[in-house]
Amino acid sequence: MATTHGLMALAILISFLLFILSPEQSAAAGRPAGLLDRGTPSTEMVAGCCESVVKPVGYKCQEFEVKTEDGFILSMQRIPEGRAGAGSGGGGGGGERKQPVFLQHGVLMDGMTWLLNSPQESLAFILADGGYDVWIGNMRGTRWSSRHASLDSSKSAYWEWSWDELAKYDLPAMVDFVYQQTGQKMHYVGHSMGTLVALASFSEGRLVDKLKSAALLSPVAYLAHMTTPLGIIAAKVFLGEILTNWLGMAEFNPKMNFVSNFLNKYCHIPGVDCYNLMESFTGKNCCLNTSTVELFLKYEPQPTSTRNMVHLAQTFRDRTLSKYNYESKVANIERYGHDTPPVYNLSRIANNFPLFLSYGGRDRLADVTDVGLLLDDLKLHDGDKITVQFVKDFAHADFVMGVSAKEIVYNAIIAFFNHHQ
């Protein structure tokens, strides 16, 4: 019976993953045409993020590559100024050096996270127009960060990492690069897993010496109380282990052909609803623009490693924030010197490091209760160094795609940055 439940969970989650690849119509339009029409975004994006997305809307943009200590080659984009020129906001302007800001996306996403809305509504463009020097990171395995010094992404060895490595290698490599290029400490903005890897790094004493502050949107540290049905089922039945051990999949890529073939049949079963699954996964987002959602569905999601998904599932199942568990005492001892993986102690984050946390009342991934556990870890933080914002009607995607995010969240972030210059 457990096997049946496991396969059912796999089917449900796969259904969601392929759903988010197809253009979505408004609810009033009924069943969307071309459910499995994924378009050809890879052809359009082959020139890179700057040429394909940023420059066409009138902004200067530069592409960079950064190599991590373990050999992954990461892509970064820089928007050095606003559309009208230098900008006059808190980031500097005129003869002043611009204040750098580094933006980090979440799981199954890439740097496009910050560019999906119009320039008036996308955080990267808003910051650039406000006079900030904007840097966008892309984690290993994603569309523009798929290369390695010696490993081939078509081989399983390339995918032998979890978010531990993102916190240990990717984030420090990109932050160090921005620091070297600008000669300045920067502000940090992360969303979802972009907050998790930051918190993990901060707790081990990394990054904070090169950052002025960090803004964490939909902060993820604990996942024990997440309420997304798909995530809960997948985690409980060891979805990642099914993919790894049964199917031999080291890469977790929602664009795999077998997913398309499966959903083509699954979504035509009477009674199956494949059109409200995004809400089931993220929570009921209040403020998404249809055109923004369509752009998101066209260009995302991105691959990650199956081990990364397993690690996230472990965080839910074990109800703690620990390094990757190899599910073997021998393997854990070999890696960590203990038969259980070490815990990330978030209370070790420097109490005087400025933090801004914004979370939503409808978020099924960064659940209110779990954010409360994170805040409890930070209870000794200096009172004037931590700002907490609760947005009752926001769910997970509203923080990066919501049309009201500028007025509610981004303006507050900029005010926070200005206060901690």
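Every residue, even glycine, has its Cβ placed from backbone N, Cα and C.
Over in TrEMBL, the protein carries these features:
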type	residues	note
ACT_SITE	SER192	active site, nucleophile
ACT_SITE	ASP363	active site, charge relay system
ACT_SITE	HIS396	active site, charge relay system
DOMAIN	53-117	domain 'Partial AB-hydrolase lipase'
SIGNAL	1-29	signal peptide
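Look at the domain 'Partial AB-hydrolase lipase' (53-117): DSSP puts its residues at 10 helix, 21 strand, 34 coil. Around ASP363 (active site, charge relay system), the same-chain residues six or more apart in sequence whose CB sits under 8 Å from its CB are SER218, THR282, GLY283, PHE394, ALA395, HIS396, listed in sequence order. Counting only same-chain residues six or more apart in sequence, the Cβ atoms lying under 8 angstroms from the Cβ of SER192 (active site, nucleophile) belong to HIS105, GLY106, VAL107, MET109, LEU217, SER218, VAL220, LEU365, ALA366, HIS396.
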